[in-house]
Amino acid sequence: MIEQVQNPALEIHDLTVSYDKKPVLWGIDLSVPKGAIAGIVGPNGAGKSTLIKSVMGLVPLSSGYVKIFDEELNTVRKRVSYVPQRESVDWDFPASVLDVVMMGRYSKVGLMRRLRKADLEAARYALQQVGMEKFEKRQISQLSGGQQQRVFLARALTQQADIYFMDEPFAGVDAATEKAIIQLLKEMASQGKTVIVVHHDLQSVATYFDWIIMLNLRLVASGPTEKAFSQELLEETYGGKLTLLTEVGELMKKGQYPTREKQ
Amino acid sequence: MNDLIIIVTGSLVAICCGILGCFLILRKMAMVSDAISHAVLPGIVIAFMLGSDLDSIWMLVGAGLVGVFTTFLIEFFHRQGKLQTDASIGVTFTWLFAIGVIMVSYYAGDAHIDQDCVLYGEIAYVPIDPIITDSGSVLGPKALIVLSIVLLVILAVILPFYKEFFLTSFDPAYAAAIGISATIWHYLLMSLVSITTVASFESVGAILVVAFLIVPPATAYLITTRLHHMIGLSCVFGILAAILGYYIAYWIDGSIAGAMATVAGLNFGFVFGWTQIKKARPVTSPPISQD
């Protein structure tokens, strides 16, 4: 079930990525409409992060192309933002919360220029949006996992981009942060921004995302959640792990989506 | 006067190394500096052959190139051969250093370059090796002038591009995503480390320059929470080591560079001990809230 859309925010055509001649993504062909909150799901090692990284130009493509707003990444880079996995950086780095959030302004400011007051204001506003304004002076090593994720999100927000790629923003965060983040994403989508999120928790898929991309090396499905998020396609994506999937299927039938437990 | 020249030379080494060392340890590349400091040896010898004297400019250029080449090889073996980074460092620098050793021993007959001078340096000779212009006027001790130039070069690169170095050290993937190539800044930093190593080797030697690159920044790292404080403090620790080290060496009549590096190590020990004692004390302030 792969639904293509007209005038997409993100278009991936015949994308193949391989590490050491071993393909980790194979023939991906999809498009995501503007203003969608899209979730990428799939088992471990399905290539979810790799898909985002290849869109951001961080891994070499073996074949295919990626277009964002019908342009090459380099021409629209200022409209694109990226939230890497929280574990990808060293949080003991000597930097304050504000230092990290201000990084979102670097590309706007340009080489050899100093940050201005407007950049500081943009950073403070972003911190407010994620509810971290009281922490701007704190060293990043003194933050909880959820707070770190909010800082990363605030950094992306200062870019004032039109499309956001987020690599597992809900991994290891507390329930309050997860709720705050999804609320923020919905607000962004209502302003016409597109958000594409790598996600792990199948139970929350139906409530969080209006577009779903199911991946397991190949693309299994890409379409509106109500159409694509089906038992059959889940089984195709996750293979043999049926016990979990039946449970999820039961839940879907009943229309109940239990909230996540606090981590 | 000679005291002062030696202390100022030591302090210049400490400042150059202190600034660069902070970025090195934050990029988890401390041992790459060790590799570079050894691997530049063939560069020094080749430059020496080309320049006929230990001509400073040629030597800086030659060493800079070899330093970048070393960094490239380390990356190359790591990426292409899937070799662990530390194994890759070990293979690369010992090989280049060994070539350097052969070259030094081959040319040692007709040159005042030898293993001792390269490995250990002798800061006590700095005041008696001045640069003399063609018209015969004395400009000042050579090492002092070369190190001052290197410091200016470092400042001229780091100050305007501070935010790029900051970002690529903290989060290279995000840097690349917003269009700031981590690779360029990586190699630029490594060239600065290479020329600093060469400029310092005459005074403190290729081995102890690593102590100046790593130990003061590591000490500063223990007690700072912002990068610019860390850089400032590591320069202070470095200068402190240069001054105290000189007087200790004078007092025990031993190697000056050795004493400076020893003081830097003791300094680290004290600061480390202090942070441990502080940590062991009972918490008096309320814990950080989780939300």
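Placed from the backbone N, Cα and C atoms, the Cβ positions cover glycine too.
Taken from TrEMBL as is:
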type	residues	note
TRANSMEM	B:6-26	transmembrane segment
TRANSMEM	B:35-51	transmembrane segment
TRANSMEM	B:57-77	transmembrane segment
TRANSMEM	B:89-109	transmembrane segment
TRANSMEM	B:143-162	transmembrane segment
TRANSMEM	B:174-198	transmembrane segment
TRANSMEM	B:204-223	transmembrane segment
TRANSMEM	B:230-250	transmembrane segment
TRANSMEM	B:256-275	transmembrane segment
Dominant neighbour of the transmembrane segment (B:35-51) in B:89-109, B:143-162, B:230-250, by Cβ pairs under 8 Å: B:89-109
Cβ-based contact of the transmembrane segment (B:57-77) with the transmembrane segment (B:174-198), 3 or more pairs under 8 Å: yes
Stretch contact, the transmembrane segment (B:174-198) with the transmembrane segment (B:6-26), Cβ-Cβ under 8 Å, 3+ pairs: yes
Non-local residues, at least 6 beyond the ends, that sit with Cβ under 8 Å of the transmembrane segment (B:143-162): 5, 8-9, 12-13, 15-16, 19-20, 56, 60, 123, 126, 129, 131, 185, 188, 192, 195-196, 199-200, 202-203, 228
Tertiary contacts of the transmembrane segment (B:230-250) (same chain, 6+ residues out, Cβ under 8 Å): 3, 6-7, 10-11, 13-15, 17-19, 21-22, 212, 215-217, 219-221, 223-224, 256-264, 267
Same-chain residues at least 6 beyond the ends of the transmembrane segment (B:89-109) whose Cβ lies under 8 Å from its Cβ atoms: 31-32, 34-36, 38-46, 48-49, 66, 70, 73-74, 77, 83, 115, 118
